[in-house]
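Peer 1: Before anything else, here's the structure in question.
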C-alpha cells in the first residue's frame, strides 16, 4: 500500500526488555507470576464484592470496577509480552499495534478517572458523612463510572486518530515491549512537532491533573480530621493510605512518561512495567490486606 512516494509499514518489530536469553526466561517467569496474581487477585475481589451483601457501599462498588479495569489494563500488554519473551522474532502487525495503543490508553485513562472518583468518594464519606448516602447514591455511582469510561474513550480515540494520520515508511523497530504513542509516532516519516505537543498536552496533563486532584482531596481529608481522630476516622484514614499507595504507584510513572515531549530515555520501557504490570498486582494486595471487611468476606466465601 502506498502513501505518496512511500510504501507503508505493515508491521513493527518490538525489541522487548532484553535480547539476552537468560534474562528473557527470568522476565517470563516474573511477569507470568505477576499476570496470574493480577487475574486471580482481582477476580477474587470482584466475586467477593458481588456475592457479599455487606459489601454494597459505594466504596466497594468502585473497588469492584477498579479490579475489572486492572484486569483489562494488564491484559492489553502482558499476554503479548509473555509470548514475545519466548519468541525469536517479535513482530506485531500495524493494525494490531494501533489496537494495542487504543485499548491501553482507553483502560489506562479510565483507571485514572476512576481513582479520582474513589478519592472523591472517600472525601465525601469522611468530610460530609451526613450527606454521603445522598451524594454517592447507586445512581450517582453508575453515572460516575460511566463517565470514567466515556472520558477514557475520548482520550484514547484522540490519541489513536493523531497516530494513524501519520505516514509510516520505515524504520519499524520499537524499543519497547508494547506499542505506545511516543515510540510509535517517532517512527513516522513526517514532522511530529505539533503532534507530540498535542499528545503530551492530552496524556500528560490528564495524568498530572488527576494526580493533583487526588493529592488535594487527600489533603482536605487530613485537614478535616486533624485533632479529632475517632475509631471511624482511623479506619477511613487507613483506607486513604491504601489509596495513596495505589495512586503514587500508578500516577508517578505515567506523569514521567507522558509529560515529556521530544524526550526519551533507554529505561522508559522499564518504567512502563510499573504501571502496566506491578500497579495492578498491588491493588488486590493493598485493598485486601488492609481491609478487614474484605478479608472476612473472603474467608466466608
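Cβ coordinates are placed from backbone N, Cα and C, and glycine is handled just like the others.
The transmembrane segment annotation in TrEMBL covers 25-47, 59-78, 98-118, 139-158, 205-225, 237-258, 270-289. Sequence annotations record features per position, and here TrEMBL assigns domain 'G-protein coupled receptors family 1 profile' to 41-287.
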Peer 1: Counting only pairs at least 6 apart in sequence, do the transmembrane segment (237-258) and the transmembrane segment (98-118) share 3+ Cβ pairs under 8 Å?
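Peer 2: Output yes: the transmembrane segment (237-258) sits against the transmembrane segment (98-118).
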Peer 1: Same-chain Cβ contacts of the transmembrane segment (139-158) under 8 Å, 6 or more residues past its ends?
Peer 2: 58, 61-62, 65, 102-103, 105-114, 117, 120, 202-203, 206
Peer 1: Report the listed stretch (25-47, 59-78, 98-118, 270-289) having the maximum count of Cβ pairs within less than 8 Å of the transmembrane segment (205-225).
Peer 2: 98-118
Peer 1: By a Cβ-Cβ criterion of under 8 Å, what residues six or more beyond either terminus of the transmembrane segment (25-47) are in contact with it?
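Peer 2: Answer is 17-18, 63-64, 67-68, 70-71, 74, 78-79, 81-82, 85-86, 277-278, 280-281, 283-285, 287-288, 294, 298, 301.
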